[in-house]
Amino acid sequence: MKIKRLNGLKGTISVPGDKSISHRSIMLGSIAEGTTEVHNFLQGADCLSSIACFRQMGIDIENNGDIVRIHGQGLHGLKRPENTLDTGNSGTTTRLMSGILAGQNFDCTINGDISIQSRPMRRIMTPLSLMGASIESIRSNDCAPLKITGQKLHGIHYDSPVSSAQVKSAILLAGLYADGETSVTEPVLSRNHTELMLGACGGDVHSQGTTATLRPVKRLESQKIIVPGDISSAAYFMAAGLIVPDSEIYIENVGINPTRDGMVKVCQAMGGNISLENVRDVCGEPVADMVVRHSSLHGTVVEGDIIPTLIDELPIIAVMAAFAEGQTIIRDAAELKVKESDRIAVMAENLSAMGVDITPTADGMIVNGGGAPHGARIQSHLDHRIAMSFAVAALASDGETEIIGSDCVNISYPTFYQDLFKLAE
Ligand SMILES: O=C(O)C1=C[C@@H](OP(=O)(O)O)[C@@H](O)[C@H](O)C1
Ligand SMILES: C=C(OP(=O)(O)O)C(=O)O
């Protein structure tokens, strides 16, 4: 993909459904009683991996592109898969599904692509083992492939060393199969979609501060789920609207759950002209429309409790920092190293190639903005968030940018390039 500078992005955009909520709709729908109907399901490769895995366990899932219907078989209705469950590129599928598999009455193996095979799984293996699960890293490297032999589980209280919704959710989902109460305390509150969605389908779940507590129930009920637009996908349009001169973009139907909305706060802290309209509730999740106008940005510090609320947006925040006056410091974000790529190293490599003054640190990066980034050959490292971030950077840079491995946007946003270039017509 080759991209040149553009001016004046204008128009209305509706980003696809939230990835986190789409995954959870498949998992909870599969173990609920009755048919779960999902509207605005994200048809990205990651969520299709979740569908494929639960189909392999005997769940009938109809996907007509507009509406996904999951014919749930109840908490104990999954069947032993004949083959390895393939989670593709999806950390969310791998970790959340492991929690469910830990409590089944069968054994199975799960594995994913080369990136998944290097992402840390010890973070779920430890708490699930404390619950009585049998979960083994087949290559003894704490990564997938994982062999999981379902067991009778017991409830635990777990003090998680990381603020990770995937860890928290794996434990809570296993807790559905435990003989007592399960609770998780995390250092900083991470996204709470699992708690909200479990509550909506009849789960007994309570949150207080950074602790979520679940008691097992006999059954979960199916739901109609309307998935809000993904703020992590909207983030590229927020950034594009702010850094591309003469732009004004209206982004419709964006989920603004307070455990996910750090990007809006950072845009505003950098001087971005971004406002929320029509704030409403859709299926228990807050949703808004956004108006974004080109702005002169200045540097900021992104650290502490806000980090989990924008963890996937840090690559595009680093791009905004490159176009802002002054210094931006990102810290407390060591988690970036264990995503689809090492997002600290890859942002440093690629922004440097564009002539940006960036220093990677152990838990983030320091970007000195105000230069004039120029086009370059960008390696996506097959990380969708990296490809999308540099497509936006390219629009405001001199010359031409080539993104190698640009197709990986398919993971979370298959129509990304069409949607972006439509705003320039
Ligand atoms: O629970 C989820 O849906 C997700 C949680 C986050 O990961 P961690 O829990 O590993 O921080 C995020 O990066 C990922 O894109 C989706
Ligand atoms: C980290 C991400 O997803 P996952 O962990 O599900 O692979 C992401 O989408 O940026």
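A Cβ is built for glycine as well, from the same backbone N, Cα and C atoms used for every other residue.
Note: TrEMBL annotation is automatic and uncurated.
Between the candidates ARG55, ARG119, ARG122, ARG139, TrEMBL assigns the phosphoenolpyruvate site shared with LYS19, GLY91, GLN166, ARG343, ARG385 to ARG119. Over the domain 'Enolpyruvate transferase' (7-420), the average per-residue pLDDT in this prediction is 98. Taking every pair among LYS19, GLY91, ARG119, GLN166, ARG343, ARG385, the residues recorded as binding phosphoenolpyruvate, the greatest CA to CA distance is 19 Å.
The distance from the Cα of ARG343 (phosphoenolpyruvate binding site) to the Cα of ARG24 (3-phosphoshikimate binding site) comes to 25 Å. Only SER20 of the binding-site residues listed as SER20, ARG24, ARG119, ARG343, ARG385 bring a Cβ under 6 Å of any atom of ligand 1; the order follows the sequence. Distance between Cα atoms for LYS339 (3-phosphoshikimate binding site) and ARG119 (phosphoenolpyruvate binding site): 7 Å, as a whole number.
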